[in-house]
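Read the structure below first, then the notes.
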């Protein structure tokens, strides 16, 4: 119409996302699995190695609380998986289809080409996790994301802060690019290794001796 500009709302595009976790028993195959994820048409939004505490693993699998396998599941999952966020058209159902049945032993019989059949061991050590619904996906993504933030705040940031504080005390001429031996001497990770080698305090010892797995 004359004098009026027709306006149209921009089309709303919704891309479903799900949480795909590579579990501890398949971490050594994470790059291979990631390649399969990408070749299957998914897009990885974010990935990060995170060590779940027993408490965080308990919260993540709260729906199974009280079941006989719950304690062993928590112990297994708290060894720290690698997880990517995955998105794509109907990502939740397609990812569940790609990983296959929960029990890896049965999956080898009924769905021999699924990821759990290839990378899993049994009904618990089944290599991969996939959200089973939209509500589960949103809840799990939030839960694991918070676990990563907690790990950084507790274990990484304090050590980084100590290293940077030491740099400030040293007052190097160029803190970004230090010349010669000063560069090796004053970088935070060198400082951390020196503290661990010297014995350090209990917190530093615990961090230096920390092992993944059970």
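Cβ atoms are placed via backbone N, Cα and C, with glycine included.
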What range among 137-175, 176-214 does TrEMBL record as region 'Disordered'?
176-214
Distance between residue 116 (ATP binding site) and residue 129 (active site, pros-phosphohistidine intermediate) at the Cα atoms, whole Å?
9
Cβ-Cβ distance under 8 Å, sequence separation of 6 or more, same chain as residue 23 (ATP binding site); the residues meeting this, in order, are 76, 77, 81, 125, 126, 127, 128, 129
Averaged pLDDT, computed only over the residues in the domain 'Nucleoside diphosphate kinase-like' (15-147):
88
For residue 96 (ATP binding site), the same-chain residues 6+ apart in sequence with C-beta under 8 angstroms from its C-beta are 130, 132
